[in-house]
Amino acid sequence: MHGIQAALNRAQPGDVIRLRPGVYYEDFKTVRNGRPGKPIVITGPRSASVRGAGAPRVIEINHDYVELRGFTVDGKFGAGNTNGSYRDKLIYVIGKTPGDGVTGLRILNMSVKNAGGECIRLRYQTRRNEIAYSQISNCGRYDFAFRDGGKNGEGIYIGTAPEQRGAHGAPDRSVDASDANHIHHNVIDTRGNECVDIKEGSSRNVVEHNQCSGQQDKNSGGFDSRGNNNVFRYNTVSNVRGAGVRLGGDSDRDGINNDVYGNTFRKVGVAVVRAERGPQGKVCGNNSQSNSETTQKKKGKVQLEPLAGC
């Protein structure tokens, strides 16, 4: 088979594409949906490294019931260390049909590293997808290593900011309700911006049992919810410049009713939990380690007691 794209062009529901060890200078896009119980699977060892071929998105997922397992997506393709040495987005998930986003995607036990922009993006009505047991690192090289002027560099970015709706290949301008995605048991060290950033309009996402570190933007946090009714629980957030978790969106109806409980916050920059909008949901039962008293007491506009018992 010549290349991953050629294999994907032929793959039917239930088929497995196996990558051998080696470097793959390829971009690829999905071609058709898998089915529940019969996903289209791309799997390989860590030593199978997909590095892109020049497209801004190394892997683009436009279809349902696809699984990526085990291999590496590495956006650093040049020998030097300039912003020209990195691909922009590594795994970009976006539905192409109005009103119909990607569902049933599983990204499991992957290594995803060295992005110019965000490492993984779930965009346009992406619902009930799973990202788990993966290592995600070194995101946002353009803005955070080479000072391009922005703040793009999420480990996992869910949804669409209101001012970007309809842009960059989205089928329409509707609110991006990327809901009920499950992000768990990942080790995320962005050295850029948020480990997980959830935008306005996206809700009921569950972010749990992750290790988050390396976030560099003091105005945000290790985790950020600008959407409503999202859950952050049983995570460890350490060595971030912003808050442990930041809550609140563009309007006073955005970024509310989020739950933050059972997390450990160690050496966070601004506050343990900083809420700019309210009301919030269950925010309690969190643990603070090696944080200054000022950091522990600092709150944001909405007064919460994240370290009180539940």
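Note that Cβ sites are derived from N, Cα and C of the backbone, with glycine treated the same way.
Automatic prediction, not curation, is the source of TrEMBL annotations.
According to TrEMBL, the feature compositional bias 'Polar residues' maps to 285-294. Listed as Cβ neighbours of the compositional bias 'Polar residues' (285-294) (distance under 8 Å, sequence separation of 6 or more from its ends, same chain) are residues 244, 260-268, 272-273, 306-310.
Below 8 angstroms of C-beta separation, residues 229, 243-244, 246-248, 256-273 of the same chain, each at least six residues beyond the ends of the region 'Disordered' (279-310), sit close to that stretch. What TrEMBL records for 279-310 is region 'Disordered'.
Per DSSP, the secondary structure of the compositional bias 'Polar residues' (285-294) breaks down as 2 helix, 3 strand, 5 coil.
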